[in-house]
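*Asks:* I'd like to ask some things about the structure below.
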Amino acid sequence: MSRGPEEVNRLTENTYRNVVEQFNPGLRNLINLGKNYEKAVNAMILAGKAYYDGVAKIGEIATGSPVSTELGHVLIEISSTHKKLNETLDENFKKFHKEIIHELEKKTELDVKYMNATLKRYQAEHRNKLDSLEKSQAELKKIRRKSQGGRNALKYEHKEIEYVETVTSRQSEIQKFIADGCKEALLEEKRRFCFLVDKHCSFASHIHRYHLQSAELLNSKLPRWQETCCDATKVPEKIMNMIEEIKTPISTPVSGTPQPSPMTERSKMIGKDYDTLSKYSPKMPPAPSVKAYTSPLIDMFNNPATAGQSAEKTNNSTANTGDDPSLQRSVSVATGLNMMKKQKVKTIFPHTAGNNKTLLSFAQGDVLTLLIPEEKDGWLYGEHDTTKVRGWFPSSYTKLLEENMKEAMSVPTPSSAPVRSISTVDLTEKSSVVIPPPDYLECLSMGATSDKRADAAKIPSTSTFKAPVPRPDATSTSPSDSNGTAKPPFLSGENPFATVKLRPTVTNDRSAPIIR
């Protein structure tokens with residue numbers, strides 16, 4: 001492809017301008033990016049060192065395990081190997097800074113000045129040569145005009161030949177200058193790209209050597225590392241022997257073998273009965289989270305003798321329940337009412353469930369079967385005998401059915417353990433209870449407990465109990481209470497209820513019993 005001198009000259013100037021305006025600014029940007037690259041690699045090396053320090057710490061933990069000791073040593077070795085590779089990488093990147101970044105910084109500043117000066121020098125020489133050629137061409141034109149119309153044609157012809165030779169030689173010089181300048185400009189450009197490639201090839205050789213060393217090091221250790229973790233269920237032989245010894249108990253003489261506890265068979269039978277009952281027990285929804293509300297008309301069903309004292313009993317019931325929680329129940333386990341036969345209750349107030357599907361609706365006088373005999377926060381769970389619908393309902397809206405009460409009276413108390421008073425009859429309301437005579441003290445223990453004294457002291461002085469007629473052999477002097485009245489013998493700390501015959505009671509809301 002042939003090009004004219006002017007086109008080649010433009011190529012030369014453009015080459016110099018590309019080096020000055022594009023290559024050198026690109027090198028400056030490359031230097032900044034290289035510095036960022038160095039920072040990132042240094043941060044990666046530091047992060048890797050911290051990471052593999054953590055791996056080594058976990059390996060130290062594993063070395064304390066009887067089955068993972070070898071794995072712990074492998075983790076420590078992996079940590080040290082990778083830290084060594086990171087140190088080698090750090091050394092290679094120090095060469096990256098020294099051979100590339102530092103050299104580029106040094107060359108770029110000098111090269112900008114050099115290329116600007118070279119371009120200006122080329123342009124100046126090219127302009128001088130063009131001026132000389134143009135001057136010679138102008139002289140040649142003058143001589144040719146003179147030789148055409150003058151007398152001395154031979155004289156001007158000789159000068160014309162000389163100027164033609166001068167113009168021709170100067171044109172050759174310009175063409176040679178343009179060609180040499182273009183070649184020099186292209187070579188200057190190539191030298192700069194070659195320098196950049198050479199520096200990166202040198203760094204690549206260092207990285208290649210680093211990767212070869214890393215591959216050789218990892219290939220020598222990786223199979224052994226993988227072998228230690230190929231089977232996670234493998235247990236060392238020493239540990240297996242220990243486990244087998246634990247599995248195989250040492251034989252003991254027959255005489256030393258303990259006999260099974262008699263409570264074991266009882267527990268098995270109880271558990272079997274419980275499983276049978278739980279298998280056929282109804283699946284019920286959870287009890288309502290709110291406390292069951294008490295009927296506002298509940299006092300209407302109390303005895304007339306106690307109807308006037310409902311407010312006082314409500315206040316006293318709160319204080320009494322704090323002393324002994326077992327007195328809250330009107331029907332205890334000892335009465336036999338909590339046996340497996342399902343109890344029935346009769347509703348005394350209507351109840352509407354509303355939008356709550358877990359509650360049971362009923363009218364006054366309906367009969368319900370209790371599926372769960374125990375109350376939960378004032379709620380009972382049962383089934384309507386007519387509609388066969390199940391749900392929760394307030395216990396204060398029902399009372400025990402008559403037939404259930406008769407059965408409860410006929411069931412004997414099977415408990416052999418000492419049972420405290422089961423009835424929650426308010427003793428202040430009973431004026432017909434007869435106090436036993438003082439000779440009852442003979443069958444009692446001489447050391448009365450302090451809690452019995454406290455219970456006796458809680459009985460108000462206005463009690464309607466009839467004081468017993470003192471026997472002649474009784475103590476003539478009896479202590480007096482605070483208001484000056486004679487203190488009955490049973491208030492001296494003895495049990496006043498041992499001979500009291502209690503009536504069966506039915507409690508609707510656990511606050512006021514109904515005396516039958």
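Note that Cβ sites are derived from N, Cα and C of the backbone, with glycine treated the same way.
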*Asks:* Taking 81-114, 115-148, 251-284 as the choices, which stretch does Swiss-Prot tie to coiled coil?
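*Replies:* Coiled coil, as annotated by Swiss-Prot, spans 115-148.
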*Asks:* Scan S361, S423, S461 for the residue that Swiss-Prot records as phosphoserine.
*Replies:* S423
*Asks:* Among S214, S220, S332, which is the one flagged in Swiss-Prot as phosphoserine?
*Replies:* S332
*Asks:* To which of the residue ranges 169-197, 488-516 does Swiss-Prot assign the term region 'Binds F-actin'?
*Replies:* 488-516
*Asks:* Can you give me the same-chain residues 6 or more apart in sequence from T248 (phosphothreonine) with a CB-CB distance under 8 Å?
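*Replies:* Sequence-distant Cβ neighbours: none.
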*Asks:* According to DSSP, which of helix, strand or coil covers T248 (phosphothreonine)?
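*Replies:* In three-state terms, T248 (phosphothreonine) counts as coil.
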*Asks:* Just to confirm my parser: what is the rounded mean pLDDT across the domain 'IMD' (1-249)?
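*Replies:* Taking every residue in the domain 'IMD' (1-249) and averaging pLDDT yields 87.
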*Asks:* How many of the residues that make up the domain 'SH3' (340-403) does DSSP mark as helix, as strand and as coil?
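*Replies:* Looking at the domain 'SH3' (340-403) with DSSP, the answer is 5 helix, 31 strand, 28 coil.
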